[in-house]
Structure formats: C-alpha cells, structure tokens
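Trainee: Quick one: the structure is below, questions incoming.
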Amino acid sequence: MVASIRSGVLTLLHTACGAGILAMPYAFKPFGLIPGVIMIVLCGACAMQSLFIQARVAKYVPQGRASFSALTRLINPNLGIVFDLAIAIKCFGVGVSYMIVVGDLMPQIMSVWTRNAWLLNRNVQISLIMLFFVAPLSFLKKLNSLRYASMVAISSVAYLCVLVLLHYVAPSDEILRLKGRISYLLPPQSHDLNVLNTLPIFVFAYTCHHNMFSIINEQRSSRFEHVMKIPLIAISLALILYIAIGCAGYLTFGDNIIGNIIMLYPQAVSSTIGRIAIVLLVMLAFPLQCHPARASIHQILQHFAEENVSISATSADEPTVATESSPLIRDSSLDLNEVIEEESIYQPKETPLRGKSFIVITCSILVASYLVAISVSSLARVLAIVGATGSTSISFILPGLFGYKLIGTEHKTAVPLTTKIFKYTGLLLFIWGLIIMITCLTAALKLN
C-alpha cells in the first residue's frame, strides 16, 4: 500500500509528540518565557533540517530501501551496527517509559469509577494495555497501517493543548493559588534546577528521525520535492503545539510548574479526559518505537550472521591464493546489495523480516518492555542518558554525517550552491549533535 503525504505527516507528528509534550511547560522554568520560545524554534529548525537531509540522501540507495543501516554502510560498514544498537536502545527505552506512564495514570483514571484493588493495581493495568492494545498494534508491519491510530493520538494532543489553553485563559481559584513567579527573560538559576536539566526536553521534543526512512519508503515518490513536504508540515505543527502548551502552561503556574503539567490540575471531568488522552497517546505511540527497534535488532542479528558466514567462507578459501581474492570481492558486493535489499521494516514488500523472525523479535521487545515497566517505576535518569546518546545519534549526528559524506558526490565538476548548503549544513548538525550529546550527558550524570 502506497502512503500519502497526509499519513506520513500524521505518523511523523505522532512520533515526535510523545508524553514529553507534558513536560514542555516545565522546560521553560530555568529559561524563562522568551528564551524558552527561542529554544523551541531553534531546536525545531535543527530537527527539520536534519529530516530534510534524510530526504535528500535517500536517493543514494535503491528507491524504497532507504535506512540508517544501508546508508551507514555506504560510508563505513563498521559503523552500521553501532547506530543500529543506538536506535534499538533509544526506541526500547522510550517504549518502556510509555508503559510506565500507563502504569502511573491508569489507576488514577480507574479510581473515578471503581475502588477494586485489582483494577487499581499498576501492574494489572500495564498487563491489560499491553495485551489488548499495544501488542496487536506492534505486529503491524507498515507505518502506514498505523495512520488511524496516529489520527486518534494527534486528537489527544490537540485536546491536551485546548485543556492547557483553557486553564490559562479561565483559571480556577485553586489554579490561581498555585501560580508562581513568571520570568520573561532568564531567571536566577537555582542549585536544584538549571538550563542543563531541561535542555534535553527541547532538544528531543522533535525526535522522529528513526521513522523518517520508513515513511519515505512508503511514499509513491521519493523525490525530495515531494518528500520534504512531510517534515515541513509535521515539524511546523509540532512547533505550534509546543509553543502553545509550553507558553500557556508556564504562564499558568510560573516557577511552580512540575514535570507533568496535568497532575497540577484539580480533579474534574476535563482533567480525567486529559489523563485518558495521555494514555491513548502513549499507548498508540509504542508501536512507532517498536517498529524501528525491531528493524535495528534484525540488522544487528543479520550482521553477526553475515560475519559468521564470511569467516566460514574465508576459511574454506584459504588453500589457494587465486580463489582467495575473487570470491571475497564477489561476496563483498553481494553483501552490500543484500544489506540494501534486506531492510526489514524499511522495505515491507521484499522484507526477509517475516514469519518466525518477525514474531520472535516483536515478542522479545514486548516481553522485555513489559518486564522492565512492571519492575521499575521511574526511568528518568536512565532515559536521560539513553536519550542523550541514542536520540542525538539518530536525530543529528548520523543524518549530519550522511549529508556531509554523501550529498554532492554525484557531481564530478562544479557542485550547485543548494547542494553545498545541504552538505555543509550536515557538517554543522554533526557538530551540534556532538555538543548536545556531551551537554545532555553531563546534565543526566551530574545534575539529576
């Protein structure tokens, strides 16, 4: 099934707007209102340019077969497994955090209608949601199949946006009593919170790059002029949502804001619906994390399988020098074609990731996510470290590297100005990604 631009926009927007949208007002606390808005715009521009670069470099592999693995192997085959591992860890960690959110909110939601201790147990709620909703959606092979789920999730985000705006425009007396000091410029920095603590919220608010190649592969055309519309629309909408929720939430509570804004609203029908909306959002977002994680795990397993085959072939060819070189050259070229051809999730029509492999990897992700989610109530620090490494790698470092190394290589003489701009913007994104990785790791390790 060929995907449309609209379904691509919905999928990308849904991937970007996860549960982190609830923390956007909190991100303003050490920055102040105006610097906070500037950070949202700056990080949005960086994310959009990174997605544009992904759209540009997709042409360097056969149409419908673009992926991080295929492109990484064009630059340096040895780096492929490193970035596949980063994607798998990042997506798995975010998926687990979604289930932890379900475990935190579902008992609060159910308490409105029942006092049954079994139904108010967080592990029971995680089990039910995983079994009846998350697992079936995670077995879908194409992102386009999740377009209706994405529509529901985006509707949930829209409701949250309206809820935050309404409470800002017409606050209750209880909310007014919670209001703290508002800073329009940088406020005085405190020991327990500074800009490094909330910087990752801005930087990773637009992380959706791990699904960009899947979306490109499912489009009827991979031409840049066609594909660029998807990140342009999706990131623009995300930017509007983040500014609306971030500004309204911060102006409502000032420096008394907390990490999950909806927890500050008094018990009411509107806030209960808001909690349900959050559960819908994260529940439907889990498959969007499972999708690239599954592909990356498959690539890692395939890498080791190919390595074993290569070692066996080398051992078999050792007796003669004449047969030692030519088979290895042929194997090398075949390996590259196989890598591009076997992009599991990124090429659904000709994927080897089906049957037993597809089921085993998907079940492993689901079971591991479930076990971690019911065992741990907070992954804040771990996810901060995973985000600083995995998210930065796939959002800035790797796309930037692709852009700088690949864009313009098709030109033998003069390189057009537009191509040069994309090429060197890739280098800037690569450097930006390294700076952000170091900064956010410092924040996660020393300031939390």
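Cβ coordinates come from backbone N, Cα and C, glycine included.
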Trainee: Annotation phosphoserine per Swiss-Prot: which of the candidates S315, S344, S395 has it?
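Mentor: Annotated as phosphoserine in Swiss-Prot: S344.
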Trainee: Taking the topology from Swiss-Prot, would F31 and T413 be on the same side of the membrane?
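Mentor: Going by what Swiss-Prot records, T413 is on the opposite face of the membrane from F31.
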Trainee: So, taking each listed stretch (126-146, 196-216, 230-250, 268-288, 425-445) in turn and counting its Cβ pairs to the transmembrane segment (358-378) that are under 8 angstroms, which one gives the highest count?
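Mentor: Top-ranked stretch among 126-146, 196-216, 230-250, 268-288, 425-445: 126-146.
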Trainee: Look over the recorded stretches 126-146, 196-216, 425-445 and say which has the most C-beta pairs under 8 A to the transmembrane segment (8-28).
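Mentor: Most Cβ pairs under 8 Å with the transmembrane segment (8-28) come from 196-216.
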Trainee: Restricting to CB pairs under 8 Å, which listed stretch, 151-171, 196-216, 425-445, is in contact most with the transmembrane segment (230-250)?
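Mentor: Stretch with the highest Cβ contact count: 151-171.
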Trainee: Please give the sequence-distant neighbours of the topological domain 'Cytoplasmic' (403-424): residues at least 6 beyond its ends with Cβ less than 8 Å from one of its Cβ atoms.
Mentor: 52-53, 56-57, 60, 71, 74-75, 430
Trainee: Under DSSP, the topological domain 'Cytoplasmic' (403-424) has how many residues in helix, strand and coil?
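Mentor: The composition, in the requested order, is 12 helix, 0 strand, 10 coil.
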Trainee: Take a look at 81-101, 126-146, 151-171, 196-216 and tell me which one has the most Cβ pairs under 8 Å to the transmembrane segment (268-288).
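Mentor: Stretch with maximum Cβ contacts: 151-171.
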Trainee: Are there residues at least six beyond either end of the topological domain 'Vacuolar' (102-125) with Cβ under 8 Å to its Cβ atoms? List them, or say none.
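Mentor: Hits for the topological domain 'Vacuolar' (102-125): 272, 275-276, 278-279, 282-283, 373-374, 377.
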